[in-house]
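Chemist: Please see the structure below; I have some questions.
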Amino acid sequence: MLLLPLSVLLLLTQPWRSLGAEMTTFSQKILANACTLVMCSPLESGLPGHDGQDGRECPHGEKGDPGSPGPAGRAGRPGWVGPIGPKGDNGFVGEPGPKGDTGPRGPPGMPGPAGREGPSGKQGSMGPPGTPGPKGETGPKGGVGAPGIQGFPGPSGLKGEKGAPGETGAPGRAGVTGPSGAIGPQGPSGARGPPGLKGDRGDPGETGAKGESGLAEVNALKQRVTILDGHLRRFQNAFSQYKKAVLFPDGQAVGEKIFKTAGAVKSYSDAEQLCREAKGQLASPRSSAENEAVTQMVRAQEKNAYLSMNDISTEGRFTYPTGEILVYSNWADGEPNNSDEGQPENCVEIFPDGKWNDVPCSKQLLVICEF
């Protein structure tokens, strides 16, 4: 602190020349010991002094700590959009990625158009018998059926017990005179005549037939034979019926009737001939139960079938093949109408719903026979 005032005083009392030298010397002395710059404010501007010697470079001090960052400046305005650059070259094809998960199932599509009708398949094997259907309502009393054909003779039955003698029947009406019978047995001897001449010895006669038993036993035996004959006929008819049915596959049984089909499709006349050769006739349902049995066969075969009835003899009057009028019918609404573009409809078909319709007899329909 004392050095500074003394320096000022020396400068003021010394001549300029010596002052400059002394200052130089003093400055050298001062600068040799410390890097201190002395600033003097002259009272008047003197002559410029000589250039002083370059001072030694002082060593740099340690770098100070960085100052705290200043506040962020405001964001500048976005620049203009540059022009679109040229399209780059295509890159190399990458490897296939992994298979993705299966997507959800789409909604079902619209039904396609119906395909053409395929050819008829082969006849399948006979299926197992179905469960018996419910008992149908009692139908109206049927007409008298046609006489059946003569059946095969059945086996001889066991000898039955002797029946009770029957009552004497009323005398029958006198029959027509029959042909001359054989020579009867010798009559009773007449009155003794006069003795004749002795004749030759005759040949021995044949043994006569055994005489009949009493009248009551004969009547009882006849009654017994009549009963056995009735049983035999029923047995023969049933045996013949089942024998014919077995030879004709795929059928339904209702009461004493059996309906069968072989799956054949024919005209009415050919269908009649086929059933006739099988010793049967076309299906003739006479009750709702029989009609239902035929309907089930129509559904199973998926084909309409012929029935036996027709009005070929009298238009509008449908009858059975025997000529009897119908005792049961199940016509569809508005049928029979005899309308097929001018072609007469004299025959009957049955639909899968059991309803009947009149059709031309030339139509090809399923054949169902009745036994």
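Just so it is clear, glycine is given a Cβ too, placed from its N, Cα and C backbone atoms.
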Chemist: Which one of K122, K198 shows up in Swiss-Prot with the note 5-hydroxylysine?
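Modeler: With Swiss-Prot as the source, 5-hydroxylysine is noted for K198.
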Chemist: Select, from P71, P86, P96, P113, the one residue given the annotation 4-hydroxyproline by Swiss-Prot.
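Modeler: Annotation hit in Swiss-Prot: P96.
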Chemist: Do you know which of P129, P140, P165, P185 is annotated 4-hydroxyproline by Swiss-Prot?
Modeler: P129
Chemist: Of the listed cysteines C275, C347, which one does Swiss-Prot record as disulfide-linked to C361?
Modeler: C347
Chemist: Run through P111, P155, P344 and tell me the one Swiss-Prot describes as 4-hydroxyproline.
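Modeler: When Swiss-Prot is consulted, 4-hydroxyproline appears for P111.
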Chemist: For which of P104, P132 does Swiss-Prot record the feature 4-hydroxyproline?
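Modeler: Per Swiss-Prot, the residue annotated as 4-hydroxyproline is P132.
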Chemist: Run through the Cβ atoms and count how many others sit within 10 Å of the one on C369 (disulfide bond).
Modeler: 27
Chemist: Could you give the number of helix, strand and coil residues in the domain 'C-type lectin' (273-371) as assigned by DSSP?
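Modeler: The breakdown for the domain 'C-type lectin' (273-371) reads 19 helix, 25 strand, 55 coil.
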Chemist: Where C347 (disulfide bond) and N337 (N-linked glycosylation site) are concerned, what is their Cα separation in Å, rounded?
Modeler: 12
Chemist: Other than its own, how many Cβ atoms are within 10 Å of the Cβ belonging to C347 (disulfide bond)?
Modeler: 27
Chemist: Might you list, by sequence position, any residue in that chain lying six or more from N337 (N-linked glycosylation site) with a Cβ less than 8 Å away from its Cβ?
Modeler: E345, D358
Chemist: Given the disulfide-bonded residues C275, C361, and counting only Cβ atoms in the protein chains shown, which has the most within 10 Å of its Cβ?
Modeler: C275
